[in-house]
Amino acid sequence: MAGKSSLFKVILLGDGGVGKSSLMNRYVTNKFDTQLFHTIGVEFLNKDLEVDGHFVTMQIWDTAGQERFRSLRTPFYRGSDCCLLTFSVDDSQSFQNLSNWKKEFIYYADVKEPESFPFVILGNKIDISERQVSTEEAQAWCRDNGDYPYFETSAKDATNVAAAFEEAVRRVLATEDRSDHLIQTDTVSLHRKPKPSSSCC
């Protein structure tokens, strides 16, 4: 892409095992790996795209969902432009924990205006037939907690994955002053963002 692009930092949060790494890899590489291990700490991948005429470099951060990795993941919340809160539709506990993930992010990211911060909610693993969280339950949570957009996704068959990430970009574009994010696309520098201290597939 020629000219100027916007660099957006998007972070995936949610319980371990809900498919955050698979969603990131499906979107960036269009691949699904059944052998992915739980993330240790954080890792990120970049994706260049055009949304509604805007050229964007999306820096997608995947975080470890296990409680014991909290000290590793929370320093990387700062500077995020959007947060994708993720649960698995076949795991009701991961859905119930969304509020805790939201609170953790707002606190450690030092979000100044939580009411207007762009969150997108993902209900992953809809390819699994036996689900514990209904579409209506998830939609009601989104309405009650900030009228957030909700996508039911499957990293396995790519259902709604691209649509969810593109909506995240739209939400950022609608709320952010893009002048703070402009970069030259032919010399993309990520030095202003922290690098992961530890990562795993």
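Every residue, even glycine, has its Cβ placed from backbone N, Cα and C.
According to Swiss-Prot, the GTP binding site annotation covers G17, V18, G19, K20, S21, S22, T34, H38, T39, G65, N124, K125, D127, K156, on the basis of similarity to another entry. Cβ contacts within 10 Å of G19 (GTP binding site), excluding its own Cβ and spanning all protein chains shown: 24.
Around D127 (GTP binding site), taking its Cβ as the centre, 14 other Cβ atoms fall within 10 Å, counting all chains. Annotation comment: Swiss-Prot describes G17, G19, K20, S21, S22, N124, K125, D127, A155, K156 as GDP binding site.
Residues or ranges marked as S-geranylgeranyl cysteine by Swiss-Prot: C200 (among others).
Positions annotated as S-geranylgeranyl cysteine by Swiss-Prot: C201 (among others).
Sequence annotations record features per position, and here Swiss-Prot assigns N-acetylalanine to A2.
Look at Swiss-Prot and you will find S179 tagged as phosphoserine.
If you take every residue in the motif 'Switch 1' (31-42) and average the pLDDT, you get 67. According to Swiss-Prot, the motif 'Switch 1' annotation covers 31-42.
For 64-78, the entry in Swiss-Prot reads motif 'Switch 2', with the evidence type similarity to another entry.
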> Quick one: Cα separation, S22 (GDP binding site) versus T34 (GTP binding site), in Å?
Replying inline: 9
> When the Cα of K125 (GDP binding site) is compared with the Cα of each of the binding-site residues G17, S21, T34, which one is closest?
Replying inline: G17
>> I need the least crowded one of these binding-site residues (S21, S22, T34), counting other C-beta atoms within 10 angstroms of each C-beta.
In response: T34
>> Could you check which of the binding-site residues T34, N124, D127 is the closest Cα neighbour of K20 (GDP binding site)?
In response: N124
> C-alpha of G17 (GTP binding site) to C-alpha of A155 (GDP binding site): distance in Å?
Replying inline: 12
